Amino acid sequence: LAPRAADVEEPPPGLQEHIVAILGTLYSRTEWPDVRLTTLTCIFQIVQTSGPVLNAQAWRTLLGTLHAAGQGNRNEVQQGFRSVQFVCADFVEQFDAGGIRLLIAAVGGYARQTVLEEKVNINLSAIQILWALADYCAQHDTVGPEHWTGLLVQLRDTVRDPRPEVRHSATKTLFMTLITHGRAVPPECWQPCVWDVLLKVLDGVHEDALRAEASERLGESTQVE
């Protein structure tokens, strides 16, 4: 999560927001998959070539589009995540507080994507990015309670994934985040963390155990008959 160093000429004022707003509108309103995919490809090229000079508003618009792509079709999820990975590797230091919140939400969406159900590499990579973002939050005083709450909620929701690899990775990352960075989590976050995150995770584990037990009993009953 280091800033990308590059010597890129500053664009005219307002041009960045205008271009990325057009791309965001095009992606959200078109029904043609090829157009949406081309839009995401353009976004990836913009991030590659102009990332160092994008301003806060342009980043927010791009992150909103990338978040939406996490709920798209197979090709859109893959192309969108390419941009997310690139952003997280090179440009996080450029973001303001609002940008970090949007980034956490976008990454969480890819951690829970199911359109590529048989391929969990995107999910697992997104969970690793959430862990890296937890490190970032712990090291920056500008990060507020809403960032920690958002991050923990993204992990909590990913813990409910039906795929064992994703579920186990999210569970491990959630508890390692609290163990490693617990002192960095603001005091006002702990009550919602306990009630809205930890207890809900434990409730989910309990429900899964009950379902597994019921399924096992049903299997034994069927064998006896």
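Using the three backbone atoms N, Cα and C, a Cβ is placed for every residue, glycine included.
The feature domain 'Mon2/Sec7/BIG1-like HDS' is assigned by TrEMBL to 16-85. Sorting the domain 'Mon2/Sec7/BIG1-like HDS' (16-85) by DSSP state (H, G, I as helix; E, B as strand; all else coil) yields 61 helix, 0 strand, 9 coil.
Per TrEMBL, domain 'Mon2 C-terminal' is recorded for 148-213.
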Check: Given the model, what does the mean pLDDT over the domain 'Mon2/Sec7/BIG1-like HDS' (16-85) come out as?
Finding: 95
Check: For the domain 'Mon2 C-terminal' (148-213), DSSP counts of helix, strand and coil?
Finding: 60 helix, 0 strand, 6 coil
